[in-house]
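Features as listed in TrEMBL:
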DOMAIN    82-266  domain 'Mucolipin extracytosolic'
DOMAIN    368-504  domain 'Polycystin cation channel PKD1/PKD2'
TRANSMEM  280-304  transmembrane segment
TRANSMEM  337-354  transmembrane segment
TRANSMEM  366-388  transmembrane segment
TRANSMEM  408-430  transmembrane segment
TRANSMEM  476-497  transmembrane segment
Amino acid sequence: MECDMDFFVRYNEGSDSVRTTITDDMANEEEILREDLKYYFMNPCEKYRARRQLPWKLGVQILKIVMITTQLVLFGLNNQLVVSYKEDNSMAFKSLFLKGYSGVDEDDYSKAVYSQEEVYDSLFYVLDQYIQLKNLSVGPVSYAEDDDKLVPLVICKEHYRRGSVDPSDESYDIDAQIETVCLTLDPASADNSWKINNESFFVLDFYRLVEIKITFQLKGINLQTVRSLELPDCYTFFVTINFDNHCHSGKIKIFFDIDAISSTCKNWKISGTAQKNTHYLLVFDGFVILVCLTSAVLCTRSIVLAVKLLQRFSTFFHVNYKRKVCETDQKEFLNGWYVLIIISDAMAIVGSILKMEIQAKSLTSYDVCSIFLGTSTLLVWVGVIRYLGYFQKYNVLILTMKAAFPKVLRFCCCAGMIYLGYTFCGWIVLGPYHEKFEGLSRVAECLFSLVNGDDMFPTFAQFQEKSMLVWVFSRVYLYSFISLFIYMVLSLFIALITDAYETIKNYQKTGFPMTDLQRFLREHKDFPCSEDSRESGTDYLRLCCCRRPPKDDDILLIS
C-alpha cells in the first residue's frame, strides 16, 4: 500500500512538471513570435534602435530615387533635342512641299483643295519642289541613297477601274475594283520631258479618283547636338503626301506624314570642342539597373518573410486560441508598397535597357523608353509617401485615400453608367451638328471638361440651328448633364472623401479600433471573438473579420 502511494505521488509530480514544461514552451514560443512581429512592423529608425541593424532597404530606395531622377532628366534633355529637331523638320517640309500651307493644320489634315486647278497645282508643286530641293532648303537635307543610288520619288494614284457618273440624271455606273498606277521620279535625271512623257498619268478622272499618294526619302543631320557635346545623329525621313478623295464630296484633303529614323553617321569629324564620352552614360545606366535589381530582391525577400511570418502567426493562433486570423490582419502582412516598388524597379530596368539601346543606336524609338522611364519615376516618387506615413502628421493623405477608396470605387461605377449613357446619346444625336460630339472619345472628353467647368459657353454657342428639334434637345441634354454631375455627382464624390477624412481625424484623436493582431502585440488575452461564443461559421467570420458597427460600413482598420 505504501508503494502504491509513493508511485501515485511520483506520477502526479511528473505530470505537473510536464505541464509546466509545455506551458513554458508555449510562453517562449509566444514571446518569440511577438518579438518577431513587433520587429517586422517597426519603421527603419525603430529597427535600428532595437537591434542596431542598418536600414539597407531605405538606403537603397534613397539612392534609387536620386539615380532614377537623374537618369530621367538626362534622357529628357536629350529627347527634347530629338523631338524639337523632328518637329522643326516636319514644319519645314510642309512649308516646302505643300503649296499655300499657312503653318497650321486644318483639323486632322494639313490642307484641303476644292477645285481641279488647285489639285493639279498642288500636285506639280510637290514634284517641282522635290527636284529643286538642294537649291531651296536652308537645312542640311538631301536625297536618300541606297547602294550609292538616289532613292526615287514614287507617285501612285488609285481609282475605280471604270465608271460614269451623271448627277443631273441621278445615274451612275461604277466598277468598285480599285486599280493602282505608279510612276517613279529620279531627282538626278528629272527634267521637263519627264512630265511630257507621262502626261497621260496626270489626266485625272475625279469621279473615279480615290487617292494620290506621293512617297520619298530624305537624309538629314541633327547638328544641334554639338552644343551639348554629343555626336550628331544622321536621320532618314520617310515622307508621305496623300491626296485623299475617298468621300468624293468636292473636298480633297491633303495629309502630310513624316517618320524619322536615326542612325550613326558613317564618316564624321569634330574639331574645336570636347566630345562627351557616351561610355560614362552607359556605365551610369548599368549602375541604375544594378541598384534596381538590388531593390527588387530586397523587397521580394521582405514579401517572402512576411508570408512566412503570417503562416507562423496563423498556426499559433489556430493552435492556441482555436481561431482563424481575420482578413484585416492578413492584409497587414501583405505590404502593397513592396509590390509597387517591385513594379517600378522592373519598369526602370526595362527603360534603362532601352535607353542604352538608343545610345548605342540599336533602337530609334524614344516613345517606349519614355513611357517606361516616366512611369517608373512616377511610382518611385509615389513610394516616398510610404516613409512619410511613419509620421502621424504626414500620413493623413494615405489613410484617407485608403479609407475612401472602396466607397469611391463603388460610387464611380454607378456614376460611370450615367456618364456612358450621356456619351452614347450625345454622339448619336448631336454628332452631326457639333464638332465636339463627332466621335465617342471626343464626346467623353467634352463631357469631362464640362464637369470641370471648362469651355461651357462655346459648347452651347457652337451648336448649329439647322434643326430646331435637335437644338432644343441639345439644351435639355447639356443643362441636365451639367446640373446632375456638377451639383449632385461631384458634390457627393467630394462628400465621400470628406467623410473618410473626418473619420480618420476622429480615429487619430480617440485611437483606431484594435484588431486581433494588435491585441496580441500588446499582450492582451481578452479576444472578443472565441470559438465558444460563435453560433455558426458565418457568425464567426462576421464577428472576427468585420469588427465594426453594423450601421457604419466606412470604418477601415488601418495600422
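Cβ from N, Cα, C; glycine included.
Proximity of distant same-chain residues to the transmembrane segment (476-497), defined by a Cβ-Cβ separation under 8 Å and at least 6 residues beyond the stretch ends, is recorded for 400, 404, 407-408, 411-412, 415, 418-419, 422, 425-426, 429-430, 447, 450-451, 453, 456, 459-460. Within its own chain, the transmembrane segment (280-304) is flanked in space by residues 56-57, 60-61, 63-64, 67-68, 71, 74, 334-335, 338-339, 341-342, 345-346, 348-349, 352-353, 355-356, 359-360, which lie at least six positions past its ends and keep a Cβ under 8 Å from the stretch. Counting same-chain residues at least six beyond the ends of the transmembrane segment (366-388), those with a Cβ under 8 angstroms from any Cβ of the stretch are 44, 58, 61, 64-65, 68-69, 71-72, 75, 79, 82-83, 337, 340-341, 343-345, 347-348, 350-352, 354-355, 358, 394-395, 397-398.
Remark: secondary structure over the domain 'Polycystin cation channel PKD1/PKD2' (368-504) totals 117 helix, 0 strand, 20 coil, with classes taken from DSSP.
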